[in-house]
Amino acid sequence: MGLFKISPVQVLNKGNQQDSAEEKDAVSTIIGNYGRWQLMMTLILPLFALPSTFHIYLPTFTTKLTDFWCRRPANLSSLPVESWINYSQPIDACSVREVPQGITVESIMNNTAPMLESLKKCLEWEYDRSEVGDTIITEWSLVCDNASFTTLSEVAFLVSVGIGGVTGGWFSDKFGRKRTLMGMIAFQSILGVLCIFVKTFTQYILVRLALGLVSVSIVYAAFVLSVELVGGRWVTIAGSFNFFPLPTAYIIVSLVSIALPDWRDIQLALAIPGPCLLLLWFVIPESPRWLLSTGRIEEAKTILEKAAKINNRTVDDVDKIIKLYSTDHKKEEPSVLMLFKGYLLKRTFCLFIAWFSMNLAYYGLVLNIGKFNLENLHMTSIILAVVEIPAIVISIPILLKSGRKFPVFASMVICGLACIASELFTILLDNTWVIISCLMIGKFTISGTNVMLPIYTAELYPTVVRNLGVGATQVAAGLALICIPYLWDLTALNAHLPMSALAVLSIAGGGIILLLPDTKSAKDESSKETTNTACGGTFKTTENTS
């Protein structure tokens, strides 16, 4: 018999009871909702998001498509590029005019060179390297007939992100947060270095597939672990801290790309921090709530006693406290099917739609703002990253004061309205900076959603399937990301259709949030620290099940 077990009957049929807050659970009673020990973990665990975000964001620079043209013959290498293009490529860079024998640079420059009408397929190209250096596009000539392979590589990566969210969540719920986190970091470190040694584009795709699987697992294992170490209102604060590394990583990648323009150099430089995080194995604990939920009482006691000591808390009888808050049900293994039964079915369905809409809006706006080409790629990337920082900061007091449901709803609806406004101003005013202001408002609000929705999602699932539930939502997120490149193809039908579709989906995603319960306890606003049941992850029940 185990402690803190959640049987299918309890998980699937007692949603109303689970949404009511308990005064305390074993973990918060022993170590408190927050103290020096939790503060240390709150500062350390977000670091794991850095290397993962590096790998996710790298293609912004390593797959950047710049201007290109058919390669100049050796005897014309000194010919200015513009003159060569005007002479040899009347249609596009995918075909080139036949060059007569004996032609010289001088004859082309003074317009006396003969111009043959016959064209041939171009097989080699030169690229504009003024903004970025060697990329995977320049290395493997992913242009013209091979241009679709660039999108294919990222679609494959994003598909693996969706799969990794589910598989990583299952591993974390079954084998523990710490083991999954450290195992995935080790695997990611190997793959990050291996990526610089690939010789073919096929090898590159395979490595990126594996990186997608592990990177998202790391982000969410660290996130779930950080919120399971705290209680009460500190769940919101600790969860929000996990999002500060995201804009920080965007800025770091942008700056490294300036210093190291070639893609292999960037890849190596950003793969170095990953192995360093393995040293934190001796610092980071396993989640005591997960240990208690799986019946590993002695391991949990060791961690809790150490944490209580660091927090200067005196506990007379840890065993008695654990027994007081324990349940007496058989151990239940986490299962994906649990997400689609009972009251969790409604939550999973609504969250899938919300996650799909949020990711589509977030990355859709990033692509749209990028089309305004503010200064250059690196500056645009840094500006978009800086916008997220105040959004994260403001999200914390909003979540603490206003609950979870309404802020998520409001931020997604405002984002949708901002997108609609940008399209209206495009038609009526044609003022670039007014349009940019609308888009920045949309980016700001959807960045807030990006912080609040994962916290809300984690609170809506019980401990036994929390990481699995959070990971499963990444399937919807992955589908949204895959749709982004094709969303902008709708401009072929109507120039305003992509943004209109994005706005409608953002508003619809916010609207469906209203069907979900709010996980914020009313007692959370009082001076007494309490633990929300959904956050704390321990469900004290009196009902016996066979």
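Backbone N, Cα and C define each Cβ position, glycine as well.
All annotation found in TrEMBL is predicted automatically rather than curated by experts.
Lifted from TrEMBL, the feature list:
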| type | residues | note |
| --- | --- | --- |
| COMPBIAS | 529-546 | compositional bias 'Polar residues' |
| DOMAIN | 106-521 | domain 'Major facilitator superfamily (MFS) profile' |
| REGION | 523-546 | region 'Disordered' |
| TRANSMEM | 39-58 | transmembrane segment |
| TRANSMEM | 155-172 | transmembrane segment |
| TRANSMEM | 181-199 | transmembrane segment |
| TRANSMEM | 205-227 | transmembrane segment |
| TRANSMEM | 234-260 | transmembrane segment |
| TRANSMEM | 348-365 | transmembrane segment |
| TRANSMEM | 377-399 | transmembrane segment |
| TRANSMEM | 406-427 | transmembrane segment |
| TRANSMEM | 433-456 | transmembrane segment |
| TRANSMEM | 468-488 | transmembrane segment |
| TRANSMEM | 494-516 | transmembrane segment |
Counting Cβ pairs closer than 8 Å, which of 155-172, 205-227, 377-399, 406-427, 468-488 has the most of them with the transmembrane segment (181-199)? 205-227
Give residue numbers and ranges for long-range contacts of the transmembrane segment (234-260): same chain, 6 or more residues beyond its ends, CB-CB under 8 A. 33-34, 38, 41-43, 45-47, 49-50, 53-54, 57-58, 60-61, 132-133, 219, 222-223, 226-227, 266, 269-270, 378, 381-382, 384-389, 392, 395-396, 399-400, 450-451, 454-455, 458-459, 529, 532, 535
For the domain 'Major facilitator superfamily (MFS) profile' (106-521), report the average pLDDT of the model, please. 85
Any chance you could find the range in 155-172, 205-227, 377-399, 406-427, 468-488 with the most Cβ pairs under 8 Å to the transmembrane segment (494-516)? 406-427
Taking residues 6+ outside the transmembrane segment (205-227), which of them lie with a CB under 8 Å of any CB in it? 41-42, 45-46, 48-49, 51-53, 55-56, 152-153, 156-161, 163-165, 167-169, 171-172, 177-178, 180-181, 184-185, 187-188, 191-192, 194-195, 198, 235, 238-239, 241-242, 284, 287, 454-455, 458, 466-467, 470-471, 474, 535
For the transmembrane segment (468-488), out of 155-172, 348-365, 377-399, 406-427, 433-456, most C-beta pairs under 8 A are with 155-172
When you check the transmembrane segment (348-365) against the transmembrane segment (39-58), do you get at least 3 Cβ pairs under 8 Å, counting only pairs 6 or more apart in sequence? no
What same-chain residues lie close to the transmembrane segment (155-172): Cβ under 8 Å, and 6 or more beyond its ends? 56, 59, 180-181, 183-184, 205, 208-218, 220-221, 224, 334, 336, 467-479, 481-482, 485
Given a Cβ distance threshold of under 8 angstroms, which distant residues of the chain, six or more beyond its ends, lie next to the transmembrane segment (406-427)? 354, 357-358, 361, 365, 395, 398-399, 434-435, 438-439, 441-442, 445-446, 448-449, 452-453, 456, 496, 499-500, 502-507, 509-511, 513-514, 518
